[in-house]
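Data block below; observations after.
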Amino acid sequence: PTKECQYAGECYRVNPVHFREYSHPHIEKLLTKAASISMVEIPDDVKVHRSVFTEQLKIVSDLFPHLACDPLNPEKKAKIEPTTSKLPSATPSLPASSAPKTVPKPSSLEMSSAPKPEPKPSSGLAASNKNPIESLFAERRAKMQSTARSVQVTEPAVPAQNDAPTGTTTNIGISLQRALPRDINSYFPVVAPRGQMAQKLAAAAPYNMFLTTITASKPTHTEPLSVTFQELLDTSLGELECSVQMNFMVDIGWLLAHYYFAGYENVPLLILYGDETPELRMVSQKKPNVTAVKVEIKTPFGVHHTKMGLYGYSDGSMRVVVSTANLYEDDWHNRTQGLWISPRLPAVPEGSDTKYGESRTDFRSSLLTYLDAYKLPQLQPWMARIRKTDFSDVKVFLVASVPGGHTNTPKGPLWGHPRLGYLLAQHAAPIDDACPLVAQSSSIGSLGPSPESWVLGEIMASFRKDSAPIGIRRIPGFRMIYPSFSNVRQSHDGLMGGGCLPYVRSTHVKQEWLKDYLQQWCSRARHRNKAMPHIKTYCRWSHRGLYWFLLTSANLSKAAWGVYNKTGRFEKPLRINSYEAGVLFLPKLLVDENFFPMEANKKHPPFPMPYDIPIIPEATEDGSEKSDDDYGRPRFVEGLRGRMADKLAVAAPYYFFLSTITDSQPTHTEPLSVTFQELLDTSLGELVCSVQINYMVDIYWLLEHYCFAGYENVPLLVLHGDETPELQSISQKKPNVTAVKVEIKTPVGTHHTKMGLHGYSDGSMRVIVSTANLYENDWHNRTQGLWISPRLPAVPEGSDETYGESRTEFRSSLLTYLEVYKLPQLQPWMERIRKTDFSDVRVFLVQSVPCNESYIPDGPLWAHPRLGHLLSQHAAPLDSSFPLVAQSSSIGCYGRSPHARIQREITPSFGKDTCRDTIRGVPNFRVIYPTYANVSNSHDGLDGGRALLYNEELHWEQRWLLRYLYQWTNHARYRNKAMPSIKTYCRWSSQGLQWFLLTSSNLSKSAWGVTRYDKLLYVNNFETGVLFLPRILDVFYIHQSQLDEDFLPLAPNGKHPQFPMPYDVPIVPYAPRDIPFFLECLISEESDEGNRDEASH
């Protein structure tokens, strides 16, 4: 070996080519200590599976027999001692005067059915004691013959006397027929009948897509759409005069053996490869007709991963083959691989126009553009040949990747996922958004911490495209076919079958979200259920048929498909690391339909899918399988349509809901759980306009909901705090949408309000106050709270301006709040609100707006003084021994002691009630905030803590807070593993709940404000919330007669509905060793993983 393997003991490779080039000292050391391989003691601490390590031992032992410590060891000696055999009396291809020469001969050759005469070297190689061509083939031939006993070949043998070539490599005097066995069946385990490939290819039209034959699956040996590499060189396809093989890994001995048996051992062959071996470097010296060029890539993370063959025939025609298989035996043995084989492409007539012979798919120009990217002089003759070849019969598109930074061209994007998206947008029939993208890959790259990081973001933006007119569309679902451990364990080769599936655990633990999208490998219909897939495919289908299908060398990785450089100042260039090539099948081009049939019909043959449909989800931890019934549904949980009005009526008088949790099935049917989609349900009214006031808005996620509800063209005003390019440009794409960023003068303030205003066609409207941002993660596995008002009708014409005000003055509070924005876009809404009847609203609006020097004594309008004022007006008296309970998803700075802020400002306001004349102490204080253990055990693991923004350094400055902290527990509402983004404040006693506040305000000064001299108030944020008070809510009004109730029930009492608390009562204090979840927990984990990744590279 020329160098040491960088992965050392973690190397999982079982390819002899790898072990010839790279040294593995940990294996070699074991072999030098043992007299034979059977005496090697495998250490207990090996880092790969023992079966893999055992195979590696065998490979190294076979390759380097001198490693044995005992030179008399017969097992090793048989491999290194020469054996003499006599030449036959007549050897026409060798000079008669040359004497026979003894050459090394592997003991496994003794199993051959016929004696193998020694080749006689020419004078030019007289000094050599070993035939150089036999050196290339000996290891492969020995391995195949040693396994011939276990593989019984049923196909008819091809006799060497009739078919094997008799010529010699005259320029160096080597007889290939002497170096190789005469019977091809003793070299390759599966041999198809000769002369029939052209007929097989014609029968495969119009798709021309094949899978490789599987050695251990007999039905594939005769399957019409199975092919061996030998068949690609079949004479029925044409008389080969030259060829190019472009690939990643090439076993040159295995490849040249195929050319030899096909009779093309002297035909010019150009090999472009990615993985270096000594044999490839030296092959031109031994075989001058072979030119091997390593494709150099500047970036260390890129590889030459393309698998393509170009075949030139003596009549001037040629053929292109695009494949997924490397050129070495294991990839053509028991692995499922895919190939597209072009029809025979004739030369264009002399004097033809340069455009003559181009296909409808521009395949020729695409191929020339791809080959030109190599910048290799060896390819120039081939490019000249391609220009003079008629590609008009090619009806697939070439989809390729080349390393570098790329921008769009006048002909559209040329490479990577934008190239695929461009082609789909031009040629794919309109696709039902309910149809998922199904990816199937033999390796998975680093995809990011969430599905939206790349797969459902950048990749889906390209792969979802079709030729439908631009409009608001739902994001398709996503499925990823990748073998499970069980799939591999039960494969033809056992765990060794996973050698082509290099997905490492260190990558998976950073993207465990992918588990929700994984599907098993299943290919019973094609007799390949136990043949692990090295094929890579991407497609979309429905019950109607297949919309499109891509066969490619590109795994699901950023290196293969590219990633946009999001720091680009102007156009974002696409960065690709690897060479890849694939072909795109589109129905319009191949069968002149909108779909490929997936079952036989009278018009067209079914598309030859490589796996079974329907696809099968991977088993869950408890052994059950995920349901496949949700195929084609939106990525969000759907409530029943037309039922929201009933659900809202049942929720009276509180109208307080929690968001549905994706991974908590009971919440999907809980009466007081709600999805965002239900807020747009037609049972609530026919929407004619709406406002969404929020902090973070994923505009496409939001519009996806509006589109799904049938309101894609309804006027929508979005006030947001966090700017994105999509929000900036949305009005250009959707004129009915107006997005306005709320500017705040102070740099530490945010627009943190979460509120919706919905206007209906009958003049009524509705108000929704929430704690959730408008993007998917906040409505996925996080606990959020919502108050949804009853339907508020328009006031009668000519009514007094005070008509329709609620007892809580909600309407005037809302108008006062909206007036602060000073936005002309809100004026029509304020006018509408003035003409709406709010008398059914029984909660108070508690809001904050950025302000300084707001004068309090005239009547506090904002923040904690506003809450204190309302409590002093309406809250029943409560003994100070009952604490204030705050529950927040973020904690701000409160000083070095509770006296600094909590006991001086917060609890005096939050502790007020209507008993103004009695002097009482300040109530105690509790804060519900998740522990590290709460988060690590959540549905999303530590990722579940991304909504919890508490700084560790800040915590140690105010560690007094630790004794006030309580865990997040929510077993009663099935949300114990759904981390809270909800914010609530309340007080209760044994009698019940004194008051309850649902709000966007975290426990921070920016949200609640700071007072000066008890007169001036300073606030940084926009916030809103609703206050529930027993004496106001309808629950205590029967026939307009107020009941003497001062507390909301926390348990069923037979008189009134229980208040729907968002957490369990009683609350649970931190255990002695508990710590809060800090934002740094996420950062440190990602940093550690990044360091491990860097070390592994």
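In case you wondered, yes, glycine gets a Cβ from its N, Cα and C as well.
TrEMBL labels come from automatic prediction, so no person has curated them.
Annotation source TrEMBL lists domain 'PBZ-type' at 3-26. The average pLDDT for the domain 'PBZ-type' (3-26) in the predicted structure is 76.
Positions annotated as region 'Disordered' by TrEMBL: 73-129 (among others).
Residues annotated as compositional bias 'Low complexity' in TrEMBL: 82-102.
As annotated by TrEMBL, region 'Disordered' applies to 141-169 (among others).
Here TrEMBL flags 144-153 as compositional bias 'Polar residues'.
The substrate binding site annotation in TrEMBL covers Lys307, Lys536. Long-range Cβ contacts of Lys307 (substrate binding site) within its own chain (separation 6+, distance under 8 Å): Met246, Asn247, Phe248, Val322, Ser323, Thr324, Ala325, Asn326, Ser553, Ala581.
In the three-state DSSP scheme, Lys536 (substrate binding site) is classed as strand. Less than 8 angstroms from the CB of Lys536 (substrate binding site) sit Thr324, Gly338, Gln440, Ser441, Ser442, Leu551, Thr552, Ser553, Ala554, Asn555, Gly582, each of them six or more residues away in the same chain. Taken residue by residue, the domain 'PBZ-type' (3-26) breaks down under DSSP into 11 helix, 4 strand, 9 coil.
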